[in-house]
Amino acid sequence: MSVKRLFVSLLLCPSLVGAAITNNVTTSANIPGLFVDGVCVDCPRFDGVGAISGGGATSRLLVDYPPDVQAEILDFLFLPNFGASLHILKVEIGGDSYSTDGSESSHMHSQDDLNLSRGYEWWLLKEAKKRNPHILTYGLPWAFPGWVTDDVKNPFQHIDRLTNYTLQWVKGAKEVHGIDIDYLGIWNERGTNREYVLAMRKVLDASGFNNVRLVVNDGQPKDLCPLMVNDTEYINTADILGFHYPNDKSGVWPICSSFDTPIWASEESSSYDDLNGAACWARVMASHYVLNNMTGNIMWNLVGSYAHGTGWYASSMLTAVQPWSGYYEWEQMPVVWATAHYTQFAFPGWRYMPVGKGSGELAQGGYYMTLVSPDQKYFTVIVVKISREHAPCTRPRLWNWSTQDEVFQITVDLPILSEADEDSADGETQTWYSNLEQEDTVLFQKLDNPGVLSRVSSFVKSSKLGVRSYDISLNVTAGSVFTVTNLMQAGNKGTAKVRNKPDARFPLPYYDDFNSYQCDNCYSKYLSDQMGAFEIHFIDDGNTDKNGELWQRRALVQSAPQVPVGWQGTTKNGPMTVVGMTEWEDVGLQVSFRLPDPGTFVCISTRTDQFWSNGVSMCANTSSWFLVYGGAPMAGFDTKAAIAHGTLPASLRQDYWHILGLSTQGHQVEASVNGDVVVGKDDVSIRVGDSGFVALGASAYAAVQFGHIHIEPVGPNWAVSNPSPTTQAGATWSMQLGLCTANGLTTDAERFEVTSNWQIKHLASGLCVTVVNETMHDFNSNQGVQLTLQKCVHDNRAQRFWHDYTWLRNDRLMSLQNDSGDLCATRDGKVSLTVKTPNVTCAGTEDAFLSWALYPNTQQLRNTFGYDPSAGGRAQCLGAVQAKESDEDEFLVETI
């Protein structure tokens, strides 16, 4: 249904004295006693909507954006009455360790170290407060520096150390940055500790931070609520029960609700930021309250400013991953506008109306909520109807339901408490609308066209009745989000003013000598730490001037002195930081470095992933070198597994700068130390199939120093001969599998968008992959099911390929499931659908590729994600080919 056919009516009409809310879903009822002395004391408090920066390094690239673009992004996130207008900002308390998309520096690398200027979360907190002084703040650690414990798997071993560590962060926020922390978590998703929670409360109170509220446990309810039964002290110390990705149908909720403690979804969504991600988020913010009385919702994550190839790409409010071009995804921002339906019209301290008395489930699928301001002058009604096929978040699994269009009616009565209220009771309202599923998408549109989009009539009632009454009627279709309110000063859809063009390719050649930064303890441009803490520091250069004085300069220094308490099992390799693109294969890398001790190896890598488990690394210490696949194991190198290794002809002095070089191109590799080639291009042959970032790192948590980094393209595979060929009208399209264009380049043949409507859209032609005559095809033949490109039709099931829309863009392969079978490809390039006869086959063979990964930078659908030995070499991509009318064996468009 288009907006122009939408009928919305709001009619001010008489009602009974007192507060009453009736609707067409539950039995109409008066609600006596909700308003007592002007306060709705029996109604749950609305605690707000927020988002998370961290967990980890999710905002990393935002720091490197041009100031005008950066400011606009922050406005869309935090500025009241403009965009997402968030109520809560939750940030990571950095712990020097991997925590999803990288690591963030700790404020205390060691017990005698305290620096409250490290990282970017302080900056982000201040920017949020600048835009909204009332925004609530929340800190949570994912990891801890190693000194807090003697056991890297248990940070609670020395509770006095840990409470002091956390207290210093809270104090620093207040004393150094002028920020009051409102909420404090325990340890992200790794469990909680009763003794620590009780001790932290005492330490905070003794230090004057009694207003800081503790959120327990930032994990799963089944791991906490049963432990708290009959433990009054523990229950009373937990101010908020915060759970991640809560399952509304879990059987544990009666236990959690029995404590009479506010329950939040303290981490939610993790879903790709398209229309389906917006539908997920809009749905859970309503369902969590209606089904389980959750009063706060916080989305992971705030802004997707981390490279594809690290975890959960673009699972965010909005995406900003191209600081070099200044582009961010400003065109739609559907998750921002789904959020605005809640955040611009209700605020922390407002009250939810109870389920059955103003909030509840829609008769034909969906949810509605009514919120009232503390002074009872204002109300907001939010209605959400999302069909199941567009409703899934990344987790948990959904239960089944069906949705149908329906007319929803509700009456909201507010008391007239004074003559001033009576004078203002003119019945003025506004309605905002989105539809996240229909073909002509609507995002946060005000329905203010009388007689077309809405009809409103009103009159002032006698004060003898003591009530203002609003009758609301909405035509609710699948995909709808409505907000109806009498808060007339609220509601605004901000617009992007800086509209830079996208350029996903990382700029090469790239050079940084780290000496131009006017900061200490800050990050180097574009580098994203994955383990450890690589910071700009002012150091003695080791050289002297003509007067014999030591030169000083800035350098990149690995600053975490010991293995941290990790969030997940990431302690095999040493610390490392990455830069570039996950598509890179043929690059040359050179760095200058100084060693902190004889045993530590400094390493550089190409084609690697965020875990340093693939790619090629060149490592050297004072006396030896290793060329290996993967990264630098802290336990030492295995000479049998090395590609090559050797002893240096001259020892590398620790107080000197040295040069390490590495170049990879196809099967060839070259490595050098101080300009001397130790592995030549013809000495060894390396595997193909790896692609990924450039990395710097070390074999130990030691103070390795880097003086410069230089990256350049290598070889001929950095240009595309025919990237945008002309298509021929009326010619037949078919699908093929061929080698992917490498190094972050792509051709029009292999560029596809996987839409939120489950279609695979070929961008050059504007057509969609379509199953043709599948029921008539001979499934036992080696030709397979025919696929072609046809005009995209919104409800054409022959064009629907169901999948997990978030995982498809991340670090695993996903099936693309049509009603007739899964998209598949044979090793000789035939593209078809899977058939079970009785074994699963693809174009007559069982030896086929059945799963796919979408690379957003290049818009390629690949048959591998990273190195996969079973793929038999380099990644292959889906391609669209068009036959010439004169010769069907020739193609205007070729896959590369």
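Glycine too: its Cβ is placed from the backbone N, Cα and C atoms.
Whatever TrEMBL says is automated annotation, not expert-curated.
In TrEMBL this protein carries:
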- Glu189: active site, proton donor/acceptor (ACT_SITE)
- Glu267: active site, nucleophile (ACT_SITE)
- 46-344: domain 'Glycosyl hydrolase family 59 catalytic' (DOMAIN)
- 357-487: domain 'Glycosyl hydrolase family 59 central' (DOMAIN)
- 529-712: domain 'Glycosyl hydrolase family 59 C-terminal lectin' (DOMAIN)
- 1-19: signal peptide (SIGNAL)
Tell me the Cα distance separating the residue listed as 'active site, nucleophile' from the residue listed as 'active site, proton donor/acceptor', rounded to the nearest angstrom.
10
Look up the residue listed as 'active site, proton donor/acceptor' in the DSSP assignment and reduce it to helix, strand or coil.
coil
Relative to the Cβ position of the residue listed as 'active site, nucleophile', how many further Cβ atoms are located within 10 Å?
26
Averaged over the domain 'Glycosyl hydrolase family 59 central' (357-487), the pLDDT of the predicted model comes to 83
Would you identify the secondary structure of Glu267 (active site, nucleophile) according to DSSP, in three states?
strand
Is it possible to list how many residues within the domain 'Glycosyl hydrolase family 59 central' (357-487) are helical, extended or coil according to DSSP?
12 helix, 58 strand, 61 coil
